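Notes for the one structure printed next.
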Amino acid sequence: MSTSLFRATPVARSALRAASAVKPAATFVRGKATLPDLQYDYGALEPYISSKIMELHHSKHHQTYVNGLNSALTTIAEAESKGDFTKAASVAPALNFHGGGHLNHTLFWENLAPASREGGGSPDGALGKAITTEFGSFESFVKQMNAALAGIQGSGWAWLAKDKAQNGKLALITRANQDPVTGNFVPLLGIDAWEHAYYLQYENRKAEYFEAIWNVINWKTVAKRFEA
């Protein structure tokens, strides 16, 4: 994309920066987003997350974000080629939503692992020490994270993030809808609070889902992002 779009459409520029963060996840092929493969079977996270939820969440919901992101990028490219920067800027909300959805879910799948393998338990090493320093204990961190998740009105995500502006200090933040974590914050661990992540199994008992998912958190991948 040429620099003319970035000069002429500041709204689209902000959204494009968010979407560009998807690239390190290696889910782009020749400029198009693709659905990432999972490193485990759909049923591998049971009984904490059902096979049916995983199949629908990954193959349907995430695929929708991939399709929407590619459509938004195509529309922007076509508008830019015609010099229609108003049209390009109008796509910014869709780019943010679908680009954020693709990025958030790609990180989410990496955050998970079967309880019989790397899933569950608590982090050790530098990450474990940082969590204890910031939140008092791992148990206190989980309670605070679950409270943040329960406090989300409608759909959104809760994240453990690293604040680059504060020498890597840990922070617990929430984002509405599919808004990605950007700016000074580096996303380490995200938990999806959208109904599609739990409703088929837990119905309206979302607090049970928030408690259950800790049994399949892959702390090794979280630690790698923390130490990067």
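Glycine is no exception: its Cβ is also placed from the backbone N, Cα and C atoms.
Any TrEMBL annotation is an automated prediction that lacks curation.
Listed features, source TrEMBL:
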type    : residues                      : note
DOMAIN  : 34-113                        : domain 'Manganese/iron superoxide dismutase N-terminal'
BINDING : His57, His105, Asp192, His196 : Mn(2+) binding site
DOMAIN  : 123-225                       : domain 'Manganese/iron superoxide dismutase C-terminal'
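Within the same chain, residues at least 6 positions away in sequence whose Cβ sits under 8 Å from that of Asp192 (Mn(2+) binding site) are His57, Asn104, His105, Phe108, Trp157. The Cβ neighbour count for His196 (Mn(2+) binding site), using a 10 Å radius over every protein chain in view, is 14.
Around the Cβ of His105 (Mn(2+) binding site), the number of neighbouring Cβ atoms within 10 Å comes to 27.
The Cβ centroid of His57, His105, Asp192, His196 marks the Mn(2+) site; residues of that chain outside this set whose Cβ lies within 8 Å of it are His58, His61, His62, Phe108, Trp194, Ala197, given in sequence order.
For the domain 'Manganese/iron superoxide dismutase C-terminal' (123-225), residue counts in helix, strand and coil come to 52 helix, 26 strand, 25 coil, using DSSP. Under DSSP, residues within the domain 'Manganese/iron superoxide dismutase N-terminal' (34-113) fall into helix, strand and coil as 61 helix, 1 strand, 18 coil.
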